[in-house]
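This report refers to the structure that appears directly beneath it.
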Amino acid sequence: MNIHEYQAKALLAQYGVGIPRGGVAETPAEATVIAQRLGGEIWAIKAQIHAGGRGKAGGVKLAKTPEEAGEIAKAMLGSRLITHQTSLEGKEVHKVYVEEGLGIEREYYLGIVLDRSLEMPVIMASRQGGVDIEEVAKNSPNEIIKVAVDPMIGFRPFHGRKLAFALGLAKEQVGLFVDFCTSLFRLYVQKDAEIVEINPLVFTSCKRFVALDAKISFDNNALYRHPEIVAMRDLSEEESSEIEAGEYNLNYVKLQGNVGCMVNGAGLAMATMDIIKHEGGEPANFLDVGGGAKPETVAKGFEIILKDPNVKAIFVNIFGGIVRCDRVANGILEAAKIVHVSVPVVVRLDGTNAKEAKEILEQANIPNIFAAPSLEGGAKKAVELACQGGAS
């Protein structure tokens, strides 16, 4: 689960992490009042959306008067911001964050993520702050410093000092930096975060480290332990189809392609998307229906996929382990009666009773449902049908 920058900074403040003073505005008048209250000579006006790259897209601007802050907020509020992390439609701006300007001496990057290969959290830092860390990793990988933290030991001052020395911090900065990292890691662990990212982390003219921007994402599976985090959820930032899928225990993520995918198991779902791309197509979604693949579940999956007007064909890829393929085949036919499936459906079933399942689909003789002989053949057929605009 993602939260907004202003919410992330409120959490950081609770853990003693330095942040600039600021306030949230939903109207231009509120933005003007907040700037007046903060005082100073310059303010940053930041669009609040769940996506990075706001600065390049015009979602972060500076104002030199409170009145200008209101004018900038007026232009941002209600507009749609398109960044490299949004869809082509972008995200509508409902709130802006008005923040005091700071005297900045140096910018850094600091982040905490789980390294699955090491099976432990890793703190990453870089002297190249304020830029896209993915670009730094691609173009200057040596500029990223990584320190793994054994969860059996936890974060210790020596971890912070190792990062500080690698960043070339001055002697008087090291202790401040270690304290900053200690607080950040405590938040990461106690709130069950997946990512805590400060970009940029700045050292100010007042000689302190401050989180100038912040991104925090949380583990959905741990949200039951954090009702205070759940209360921060902004449904307007999420795809309505993804919210609906969650209500039926379906894992759905909307993508930009035209081949709908319905698969059981997250690993198989990712492999299915890969083979669709390998065959020259583009997946329209990630959809994991789980282990059951019951008629109601399949029907709801079809319904959600077909809400995307870009979908021109659907590839159903089910591996029958515990669930029998013949039951899945009957479930697909029952689902087709419940939901009007307006595009061709290619079905690949493998595993327990796969032969019987293929016979069931072939005997049903439904014009737009095709039994695929293999994973490769199914993906190729789905891509071909999608390229034909769904014509079977």
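Cβ atoms here come from the backbone N, Cα and C positions, even for glycine.
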Swiss-Prot annotation, substrate site containing Gly321, Ile322, Val323 - matching residue among Asn258, Asn264, Asn365, Asn368:
Asn264
For the ATP site, Swiss-Prot lists Gly53, Arg54, Gly55, Glu99, Leu102, Glu107; sort out which one of Lys46, Lys91 goes with them.
Lys46
Pairwise C-alpha maximum, in angstrom, for the residues (Asn264, Gly321, Ile322, Val323) that bind substrate according to the record:
11
Please report the distance from the Cα of Asn199 (Mg(2+) binding site) to the Cα of Glu107 (ATP binding site), rounded to the nearest angstrom.
8
Nearest recorded site to Val323 (substrate binding site) by CA-CA distance, among binding-site residues Gly53, Glu99, Asp213:
Gly53
C-alpha of Asp213 (Mg(2+) binding site) to C-alpha of Glu99 (ATP binding site): distance in Å?
11
